[in-house]
Amino acid sequence: MTELPDNTRWQLWIVAFGFFMQSLDTTIVNTALPSMAKSLGESPLHMHMVVVSYVLTVAVMLPASGWLADKIGVRNIFFAAIVLFTLGSLFCALSGTLNQLVLARVLQGVGGAMMVPVGRLTVMKIVPRAQYMAAMTFVTLPGQIGPLLGPALGGVLVEYASWHWIFLINIPVGIVGAMATFMLMPNYTIETRRFDLPGFLLLAIGMAVLTLALDGSKSMGISPWTLAGLAAGGAAAILLYLFHAKKNSGALFSLRLFRTPTFSLGLLGSFAGRIGSGMLPFMTPVFLQIGLGFSPFHAGLMMIPMVLGSMGMKRIVVQIVNRFGYRRVLVATTLGLALVSLLFMSVALLGWYYLLPLVLLLQGMVNSARFSSMNTLTLKDLPDTLASSGNSLLSMIMQLSMSIGVTIAGMLLGMFGQQHIGIDSSATHHVFMYTWLCMAVIIALPAIIFARVPNDTQQNMVISRRKRSL
């Protein structure tokens, strides 16, 4: 890093700030949801749409971000991403209704979807290959700090100012980042193939419509027949994409990816696994505040051990997988996460609050080991020619499954709470207990998929990926 020119180091700082903004926003909002609900005059049971709208938009826009950067230029797209993210933050802070806030989060999600992948692409273009690993470590470090600061910072801002400030703090950072990007970042472009617009639209429509159909009756009052039509339309869009990809060599995601067995298993397991684990960052601060009566600040502090456990586990997960193999690790961590989530609920309802940080630390460790194992299992055997496409598809599936997980969690709360829950009451405890029991089952189910993964540790090494060609 020290041998790099000054202008390159400044460019890396710009990318790092983009990573920080995007990652901070993934956790800072969750702590503020109950306060947002009170301010906007909404039931806390509807506030999951604030999270879903952002994450689903990121999932939809991710496939287009790399192509746009290659075609229009990394500086132009990164600048646009920061501007959109900052404008979205401003509109979020100015929102007076839930619908306005959801629309503003969609705009914010468009910027967030382009910020991280285009940032990675920028590093690839400005840094020599020999220093790429060090550069990526540098720019992703703020992305690891963001989720750690998010819950506590969100709690402080909500408790001592208002929820609007969790979005307003993005504005000065965004303005400085946009100006620095425009002045300092080169606008690299390359020749690229024609963008698969029909495939992109089919996938986008399918993902958005299916997610809407999953929760439309509770959040939007859509009739059952309309929901059935939406579900059928979303499924038809996905099937049409598969037909399109089979006939089109330039499809957004080639079906050749699924000729690699570990990719197919890993992708299916990642989708199912992240539906369950995606519920936890949303539900935990909501339960702490509404179910137990914690203040936003204390609820935010409680989330820090989970992030610390996640970061600490990343240092040893490679050795664990190499020692025990993917099947054992994935089955054990999947069932373990379900048990730890039940332990968290039991400890909380028994009033043993002093044990909650320890349980959340353990939850973060188990979840991190499972995430890392799922990611490497999915990508490790792909041919080099398909590695980039496979990584993009995995990133999209990760965001989609998390949005579905939050949607299901909100649906369960609404079903058991019947739209009426009070702060730290016996009835509320029962609502969250039933919700957590259902969540534990959903978290545990992917173990059935992971049980089919080969467990030969030599063939499933994390640190070396076989290079093959189709």
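Heads up, the Cβ atoms here are built off N, Cα and C, so glycines get one too.
The shown structure was predicted, so the numbers you read here are calculated from the model rather than taken from an experiment.
The annotation topological domain 'Periplasmic' is assigned in Swiss-Prot to 1-11 (among others) on the grounds of sequence analysis. Summarised as a single figure, the pLDDT of the topological domain 'Periplasmic' (1-11) averages 72.
As annotated by Swiss-Prot, transmembrane segment applies to 12-32 (among others).
Feature annotation from Swiss-Prot assigns topological domain 'Cytoplasmic' to 33-48 (among others).
Within its own chain, the transmembrane segment (49-69) is flanked in space by residues 25, 29-30, 33, 36, 77-78, 98, 101-103, 105-106, 108-110, 112-114, 117-118, 121-122, 192, 195, 200, 203-204, 207-208, 211, 215, 219, 252-253, 282, 388, 392, 395-400, 402-403, 406-407, 410, which lie at least six positions past its ends and keep a Cβ under 8 Å from the stretch. Residues annotated as transmembrane segment in Swiss-Prot: 49-69 (among others).
Summarising the annotation, Swiss-Prot assigns topological domain 'Periplasmic' to 70-76 (among others).
Residues or ranges marked as transmembrane segment in Swiss-Prot: 77-97 (among others).
Residues 36, 40, 42, 46-47, 49-50, 91-92 of the same chain lie 6+ residues outside the topological domain 'Cytoplasmic' (98-101) yet bring a C-beta within less than 8 angstroms of a C-beta in it. What Swiss-Prot records for 98-101 (among others) is topological domain 'Cytoplasmic', and it gives sequence analysis as the kind of evidence.
Note on the transmembrane segment (102-124): residues 11-12, 15, 18-19, 21-22, 25, 49-50, 53-62, 65-66, 68-70, 74, 77-78, 80-89, 91-92, 94-95, 132, 135-136, 139, 143, 185, 188, 392, 395 of its chain, located 6 or more positions outside it, place their CB under 8 angstroms from a CB of the stretch. What Swiss-Prot records for 102-124 (among others) is transmembrane segment, and it gives sequence analysis as the kind of evidence.
The topological domain 'Periplasmic' feature in Swiss-Prot is assigned to 125-137 (among others); the stated evidence is sequence analysis.
Residues 1, 12, 15-17, 19-32, 35, 116, 119, 123, 165-166, 169, 285, 295-304, 307-308, 310-311 of the same chain lie 6+ residues outside the transmembrane segment (138-158) yet bring a C-beta within less than 8 angstroms of a C-beta in it. Annotated transmembrane segment per Swiss-Prot: 138-158 (among others), in sequence order.
Proximity of distant same-chain residues to the topological domain 'Cytoplasmic' (159-164), defined by a Cβ-Cβ separation under 8 Å and at least 6 residues beyond the stretch ends, is recorded for 32, 35-36, 39, 93, 295-297. Annotation comment: Swiss-Prot describes 159-164 (among others) as topological domain 'Cytoplasmic', evidence class sequence analysis.
Same-chain neighbours of the transmembrane segment (165-185): 7, 10-11, 13-14, 17-18, 20-21, 25, 28-29, 32, 74-75, 78-79, 82-83, 85-86, 89-90, 92-93, 122, 153-154, 157-158, counting only residues six or more beyond its ends whose CB sits under 8 Å from a CB of the stretch. For 165-185 (among others), the entry in Swiss-Prot reads transmembrane segment.
Annotation source Swiss-Prot lists topological domain 'Periplasmic' at 186-196 (among others), citing sequence analysis. Per DSSP, the secondary structure of the topological domain 'Periplasmic' (186-196) breaks down as 0 helix, 0 strand, 11 coil.
Within the chain carrying the transmembrane segment (197-217), a Cβ under 8 angstroms from the stretch's Cβ atoms is held by residues 48-49, 52, 56, 59-60, 63-64, 223-224, 226-228, 230-231, 233-235, 237-238, 240-241, 244-245, 248, 251-253, 396, 400, 403-404, 407-408, 410-411, all 6 or more beyond its ends. Swiss-Prot lists 197-217 (among others) with the feature transmembrane segment, giving sequence analysis as the kind of evidence.
The topological domain 'Cytoplasmic' annotation in Swiss-Prot covers 218-224 (among others), and the record cites sequence analysis as its basis.
The transmembrane segment annotation in Swiss-Prot covers 225-245 (among others).
A contact between the transmembrane segment (12-32) and the transmembrane segment (286-306) is present, since 3 or more of their C-beta pairs, 6 or more residues apart, lie under 8 Å. Counted over residue pairs 6 or more apart, the CB atoms of the transmembrane segment (396-416) and the transmembrane segment (342-362) come under 8 Å in fewer than three pairs, which marks the two as apart.
Proximity of the transmembrane segment (342-362) to the transmembrane segment (431-451) is established through 3 or more Cβ-Cβ distances under 8 Å for residue pairs spaced 6 or more apart.
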